[in-house]
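Taken straight from TrEMBL:
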{"type": "BINDING", "residues": "G342, P343, N344, A345, G346, G347, K348, S349", "note": "ATP binding site"}
{"type": "COILED", "residues": "523-611", "note": "coiled coil"}
{"type": "DOMAIN", "residues": "724-799", "note": "domain 'Smr'"}
Amino acid sequence: MLYPKNIETKVGFDKIRQFLKEKCSGELGRQFVDKVRFTNNYSLLEKLLNQTEEFVKVLQLDQNFPDNHYNDLTPFLQKAEIEGAFLTEEEFYELRLTLGTLQACIHFFTEIEEELPTLSEVILQIEVNPNLLYDIDKVIDENGKMKDTASPELNAIRHSLISEKSRLRRRLDSIFKSLKNQGFAAEELNPTIREGRMVIPVYAEHKRHVKGLVHDASSTGQTLYIEPEELLNLNNEIKDLQIRERREIVKILTKLTNTLRPHLESLSKANYYLGMLDFIRAKARFALETEAIRPPVIEEPFIDWRKAFHPVLQLSFRAQNRKVVAQDIYLSQENRILVISGPNAGGKSVTLKTVGLLQYMLQCGLLVPMQEGSKAGFFQGVFMDIGDEQSLEDDLSTYSSHLTNMKFFLRHANAQSLCLIDEFGGGTEPELGGAIAESILEELNAKKVYGVITTHYANLKFYAERMEGITNGAMRYDVENLKPLYELHIGKPGSSFALEIAQNIRLPRQVVARARKKVGKKKINVEQLLNDLEIEKSKLEEKNQQLLLKERAMTQELEKYKSIQEYLDANKKKILNEAKIEAQRLLQGANQQIESAIRSIKENKAEKEETKRIRKELEGFKQSVTPEKVEAPVEPDDEYKVVGGTIKLGDYVKIKDQNAYGEVLSISGKDALVMIGSLKSNIKLNRLVKVTRKEFRKASTTGKSGHSAGATMADKMVHFNPSIDIRGKRAEEVLSMIDDFIDSAIMLSVTHLKILHGKGNGILREVVRNHLRNFKEVKYFEDEHADRGGAGVTLITLK
């Protein structure tokens, strides 16, 4: 059940309908928008939400889905039903375009049927006989005109027309030239057509010199348009051919309409489902524009929304470069009714409308703007009391209207209902109004209804604190600057801050002071307690923010440590080999002494077995310290000459602005796989330059200042920061920075990166993400956690 009758206007869904109509491509889709209704059928709702969610995937994948020619075929099909009637060339052309769209839709969903099961179920209802398209294409061309080849008779008539028109033109030009030479015809004008016949412009004073039929005159009357007598027969012949042409065209169109008539039922059905697809596509487009999602829906009353916001408000604020404040809203069996209090213009009514609109949208099959992780419930009815409903006809005041609504709520609402009441108890004497409101709230709570209620009444706040099933909520307020924050905090009541606001707008001090006395000390203490709680909450949040910053700094340091550790692990073998080389050097000196000792033993005729044993131990020791074969460290020389030209497979290259040389192993598009020392790295071709083989060998076998390529890589690893800040940079500079950043990360095998670009208007964020899509090595990217920068930071994961 929905209450009142104009609940869509109250909740703001009428504006949603208008947005959806603007997203539709055809009139039939807009008719489906008009038919949207709140549903309390859970199975149907799941189907509607699945359809929209699947279409969002289609649009996100940027699939080549047909988006033109969603024409409503109903008028054409109704006309074709009439025996003897025929569709015009233009109507067949519109029909052909729409049938083409239908056929493209069928082809599209057939290819991805398993990925989009709910949408494919819709498209399988559509049948388009391919012979119909073939028959129309034989007759109507791509410009919507009848083809010459539509029939042999038409082809012959049109050839005759061309011939006769050419003969007429030649004769007309000859007569016109003669009349001009005689000064009878207007020099500044040319032969033209009047009443479908070729005529010559003749000066009015010379009309008697030209035999023929006058068809028209100029606005001044100085020029007459005359059809020369000798052209009458030619013009008549052409007119006769045109009549025959039109008769043949009607004959062809009638025949084609007769071919169409047996398929009218299937075409009408296809037309219906095409309109449905247009409508679902409009819902998906609106979902993407409002950043809406499809939350899991539980078949029971329940709300657990994270960062939910009002879509109409969001679109309005976006146009003004403002940001709407998202709310966390929670209703459960333990806390079914939320009583929201707080200052005027603090966001209470907007929050209540947000709850009403999003639940209404959801149960109309639309996705809703909130954060992933949200869950939604299912209500059998929505009841709303908001705004001024006074009626002169029924002699109802605002308060009487409010009580009439409450009477309806108490009679019809139940445990499956969502009740939304704005300014509960307002419109009458506060003490009595508060008492009546508390009694109504008690009764609604007893009926186990769910709801959101806004109020300024203290007795309702206290009642919510002590009663099970009801909880308080406060719209937060900056008590230092006396400005609303528009943030909902569930769990405690809010102050109206009436005295503080009065003081802030510089109401006379004595007026504010007298008001404080009139309110009484007890009331002031309660308000002060609420203010103090708000201040404490602000301080706590500030401390939390500081802790988050420290945690972020520690995370960055940990990432650096991990990167260094990964490098050391990757180069462990090389370090051990270097140690073995040193050991071998020491061994050579020791070996000479050992050999000398053995010679002495021999000369002194020591035992042969003892000598063999000594040699065997020595050889084993040598093997244990002999290094494995390792490629010589690469040390590029800054002065090596660069060779120009196109880079090919097997070329030797140097990375621009880096002392790194390598060999091209493969090329894919704009990327090259380069072997640099013992590392393989994908690098953009425009960042590579060719060098000669001689120079590459020199770089591979010689070093400069005792440094190696391995040392350079180690230095890069130590100083590499997996996070960069591009705020304030120009777009061209940003693209270059990202290229270097990603290339370095790939070379150093760092897989987790972060780019800080800020939020602003989102332009720099879009530049970054569009550029990241060019890297095959980028596995995916996403927003940082909301507490750590949210949409102002992009997290990147490499393959």
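Placed from the backbone N, Cα and C atoms, the Cβ positions cover glycine too.
K348 (ATP binding site) has a Cβ environment of 27 other Cβ atoms inside 10 Å. It is S349 that, of the binding-site residues N344, S349, has its Cβ surrounded by the most other Cβ atoms within 10 Å. Across the coiled coil (523-611), mean pLDDT in this model comes to 64. Here A345 (ATP binding site) comes close to P484: these same-chain residues lie at least six apart in sequence, with C-beta atoms under 8 angstroms from its C-beta. Assigned with DSSP, the residues of the domain 'Smr' (724-799) fall into helix, strand and coil as follows: 33 helix, 19 strand, 24 coil. Looking only at the binding-site residues G342, P343, G347, the densest Cβ neighbourhood within 10 Å occurs at G342. Cβ environment of G346 (ATP binding site): M475, R476, Y477, P484, Y486, G494 lie under 8 Å away, each six or more residues apart in the same chain. Each residue in T454, M475, P484 lies on the same chain as G342, P343, N344, A345, G346, G347, K348, S349 and has a C-beta within 8 Å of the C-beta centroid of that ATP site, without being one of the site residues.
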